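A short write-up of the structure that comes next.
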């Protein structure tokens, strides 16, 4: 009987940090690399027409979808936490950098637009709305906070029920046109919940043997995912710009809102190959440790790169009165490719600066705040010591220091 050949079972790649599985860090490393390249290509004129942008497009499932799947896989402990433990051990570390750094990043861009393009400076209500609706560069910290709360709130439900409930966000699709954070909940909450509730399945899939049927099946799903995208492009070209939304009587959705649903389907189909790709990359010498390093430092890179782009790209070019940048420029300072490479370097320099800031006393707390989980125990211990000391104080207070008690102390 002939058996299909297969690769040796997992040893998903060697982790550069002992005790850590390699592929999740690789996945997060590829994710943050893809995010930086995307934002750079959006910032540089004609950047989305470059080879880097096209390759990055093919890596869509290795970007945010895989990031949220991995985040879900490593959030299973939330199912066993109390509400205080959830806040103090997880949400606290999302909310502090989000609340403190979002106004800084938004404020820099607002100052840039006001200084060089004549727009008015935003008022307090703009900053409040930006924070509350997560329509900013640091939205992922906001949604991770919300996703963990949803996971905790559904912890007593059967896993399949909790996952099904996570798809209910689709009911709010008509709101996506006015707040694109709704679309992020629709696309990524189900993926996060699948990662959390089916973590054993995901780990088993990643750690199992790389058999031909497994690879072919994942690759086929990936191709079908892109086919779904292609079909949508064909249908939407001549389709209506606005249509009724049957799940919300009287509400309408735009074509771009429906595209959010199409992306959700496509991303789910692409996730298996994304996991296998991360496992494969985790076995590549030199590349794997580099991606793992990036994956372990996603927060400073994510927070630092847009600030670096504003300070070192947008502002200088505006001060120069604008620099003509094009794909076919013959001079390097006008070349789209040059500026894409330069901005990628600047972005990671911004991440390195934020990483260094994270290690600066006191200021570093804005990125990695001090642990507050022990606070209740510390408060209880302090109150206990005070209560234990009170009887002694009362007993001493009833004696005359110059009398018998004092003479005993002197002896």
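Glycine is no exception: its Cβ is also placed from the backbone N, Cα and C atoms.
Range with TrEMBL annotation transmembrane segment, chosen from 5-25, 110-130, 215-235, is 215-235. Of all ranges given (338-357, 358-377), TrEMBL attaches the label transmembrane segment to 338-357. Same-chain residues lying 6 or more positions outside the transmembrane segment (299-318) and placing a CB less than 8 Å from one of its CB atoms are 32, 35-36, 39-40, 43-44, 97, 101, 104-105, 108-109, 112, 115-117, 137-138, 140, 339, 342-343, 346-355, 357-358, 367.
When each of 30-47, 62-79, 91-109, 160-179, 215-235 is scored by its Cβ pairs under 8 Å to the transmembrane segment (137-153), the top-ranked stretch turns out to be 91-109. Long-range contacts of the transmembrane segment (215-235) within the same chain: residues 61, 258-259, 262-263, 265-270, 272-273, 275-276, each at least 6 residues beyond the stretch ends and with a Cβ under 8 Å from a Cβ of the stretch. Using a cut-off of 8 Å between Cβ atoms, the transmembrane segment (62-79) and the transmembrane segment (160-179) share fewer than three residue pairs, counting only pairs 6 or more apart in sequence.
Within the same chain, residues 64-65, 68-76, 78-79, 143, 146-147, 150-151, 154, 159-160, 162-163, 166-167, 169-170, 172-173, 176, 260-261, 263-264, 267-268, 271, 275 sit at least 6 positions outside the transmembrane segment (185-203) and bring their C-beta atoms closer than 8 Å to a C-beta of that stretch.
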